[in-house]
Number of protein chains: 2
Amino acid sequence: MKIINTKDTNFKTEFDGILARAKSDIKGVSTIVMNIIDEIVLDGNTALKRHIEKFDKWEVKSDEDLMINPADMKKAYDNIDEKLRDALHIAYNRIKTYHEKQIPKSWLDFEANGTILGQKVSAVDRAGLYIPGGKAAYPSSLLMNAIPAIVAGVKEIVVCTPTPNNEINELLLAACHLCGITKAYKVGGASAIAAMAYGTQTIPKVDVITGPGNIFVATAKKLVFGEVNIDMIAGPSEIGILADETAKPHYLAIDLLSQAEHDEMASSIMITTCDEVAFLTSKEVEKYLKTLSRETIARKSIEDRGAIIVASSMEEAIALMNEIAPEHLEVMTKNAFELLPYIKHAGAIFLGENTPEPIGDYLAGPNHTLPTGSTAKFYSPLNVENFMKKSSIINFSKNAINELGEACALLADTEGLTAHAKAVRVRLENNNK
Amino acid sequence: MKIINTKDTNFKTEFDGILARAKSDIKGVSTIVMNIIDEIVLDGNTALKRHIEKFDKWEVKSDEDLMINPADMKKAYDNIDEKLRDALHIAYNRIKTYHEKQIPKSWLDFEANGTILGQKVSAVDRAGLYIPGGKAAYPSSLLMNAIPAIVAGVKEIVVCTPTPNNEINELLLAACHLCGITKAYKVGGASAIAAMAYGTQTIPKVDVITGPGNIFVATAKKLVFGEVNIDMIAGPSEIGILADETAKPHYLAIDLLSQAEHDEMASSIMITTCDEVAFLTSKEVEKYLKTLSRETIARKSIEDRGAIIVASSMEEAIALMNEIAPEHLEVMTKNAFELLPYIKHAGAIFLGENTPEPIGDYLAGPNHTLPTGSTAKFYSPLNVENFMKKSSIINFSKNAINELGEACALLADTEGLTAHAKAVRVRLENNNK
């Protein structure tokens, strides 16, 4: 694995290369995806069937064929290995407990003049979860998307997942049963996003769409944004690690690889203050690489997009990491917690040597749907608020309008809005006659 | 003003017409806007200057010409009428106080096994506010966009506003001074959105862009979403009013008009349980229309997109209003507060006869940037969280990983991710040797 030093003369160029890591080429597929969406809007289920036959290679004979039978979910749940079922339950409960702490409360505030201001928080009516299928069907994705919606109080949750050759991952079905999903559809890709955004004869129109997916799914989500809300536009997975001389190189190495194995486009970057840790970690990466079932993918990711950076100080290391704003950030230093105030941008922060990133992928509790590609500078992890929205509450008393009305009308006057001004003054006239 | 009854045979068709109210035709201008954005990305300031000469009709001689001098803001502030300055201060203080109540706190939670989970909340580094210029230059827009960013703790706030013929609204300048804005640029339209999203030699790249604008601005915001975060995609303004027999028709009429005067595309819908209130309000609308400075606009809005609906019960009225999900909702009934639990979707809710909608436009406190076109079903009013983002915090103890590690590794196994599983098991091996 490549080691570079912040003192290298070409460091800035190298680091700019890291910052310019893979972004999804949304523009490149926009036209294709726009056409797919148009077809769904125009032809509904008929277009869905056409797309399934084309992409997933099975024939949809009726509208009912689009639906996943909840009885199949129950059967899958009953049939899985007990240890695995227990593990799913542990994950479910921990994720639920964490997300329950995120629920925002409606509030009211009272003023001496009788005014009441506040904010009402409520769940959206319908949420649509997109869960990738086929080889990359991750039951953990279902838990991580469904649980915040459940905790938010969403009444109707819709799941779409592609089923190549009409086959579904059994563990995904089991996870659906665990989450109480009753409306799941065998529809994938941009078609699924369009179907949930606009509705078809079978799939209900939702208010919010969340969930991971390939470039076509990401592009479709961007294109339907505004018609529905979406969580974020995510790209390839990433890990950043801050390590000092106390970090264990073999921990660092396997953690870097746990992102690299996801995707050739994934990026794994470690910044350390210690030359020896850099050197030893690089060695360990090579050793572990050979043991991985997805060695080819991981190797390409590490070679093309991986780097170990040696920094002159932890201060410099953190400053560089804040520029990267990684999806996952591990802090493997003797005083991990004390560095928290300085870490400005990261999707999730993993502190200390007993917190490997994968623990957050499955069952630590926080969501594993996280902003990538530096978007942690402005996006948050998927959370219950993605499935909720707010309304402002305003109740002016007679005293309040009498006291503040004229200032308000004056501002309306200056903006040339006479009905605005009059709406206030008609109250003042009436209250004071 | 048109009165319809839910018992009319063609009511459903009429109501569907209301639901299908004006949406912004983003697709129609996408290509034009995409080209504008590409020009800014490619040519930076040079493109900005070109666009200003073309659209705002003045010649930009240097990069400095793009900037608004803070000394001019101070001068404008000092020169405005004292009463107006006081009104601006009242608005500023009330808006600030309300938004301060929205600030989310970072939190940590502790488990018996030593695990610490939490959420760090922090402001984005840079926010870009778009403020329309020319005739529609509303100083209130600046307050409503700048204050949540200030309260969120954003260090660098950038303002862009078009200056047709190189002229700026003095009150907007004064509002900039009041908000402590130091980086404001004479750039408007899609060019401004592109400049803030990608940065130019003069205008810094920001993390979040908020603010109202025409169809070109809305489309540009949608297109740069993902490169930066945005608040929402807003269309024409709307008011919905729920009224019973206790409501005052002349209040209802002028409040309906206060939205209608914004825009021919604005929509003003009242739903009442009382025939007489419907009839009298319609009369009052006609009476007031003739007094408005923007009569032509308001009349066209009321005729094309306004309606008074007579419902059989308040329950039915609320159900219809929830389908409309209006930007502004006035509740003019004898028990306005008691209806709050049933109101599911609205940007801002104005309760009682002393709370005309314009009071919320200027100085009640809550934000006046609100979701339109039924998007209140999933978007929230602009708020401090638009300028903040979260990072999950995970700190597993040795006990915790020993207790939960194997369940986690098992889930990773089933997803075929061997490095994920190994990253956990290497800790278990080490902790238990």
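Cβ atoms are placed via backbone N, Cα and C, with glycine included.
With A:Gln259, A:His262, A:His420 listed by TrEMBL as binding Zn(2+), the candidate from A:Asp86, A:Asp109, A:Asp125, A:Asp361 annotated for that site turns out to be A:Asp361.
Take the substrate site that TrEMBL assigns to A:Gln259, A:His262, A:His328, A:Asp361, A:Glu415, A:His420: the candidate from A:Ser237, A:Ser282, A:Ser391, A:Ser392 listed for it is A:Ser237.
Cβ environment of A:His262 (substrate binding site): A:Pro236, A:Ser237, A:Ile297, A:Ser301 lie under 8 Å away, each six or more residues apart in the same chain. In sequence order, the recorded positions from A:Ser237, A:Glu327, A:His328 that place a Cβ under 8 angstroms from a chain B Cβ amount to none. Taking only the Cα positions, the spacing between A:His328 (active site, proton acceptor) and A:Glu415 (substrate binding site) is 48 angstrom. Within 10 Å of the C-beta of A:His420 (substrate binding site) we count 28 further C-beta atoms, all protein chains included. Counting every protein chain shown, the Cβ of A:His328 (active site, proton acceptor) has 28 other Cβ atoms within 10 Å. Largest Cα-Cα distance over the residues recorded as binding substrate, namely A:Ser237, A:Gln259, A:His262, A:His328, A:Asp361, A:Glu415, A:His420, equals 56 Å.
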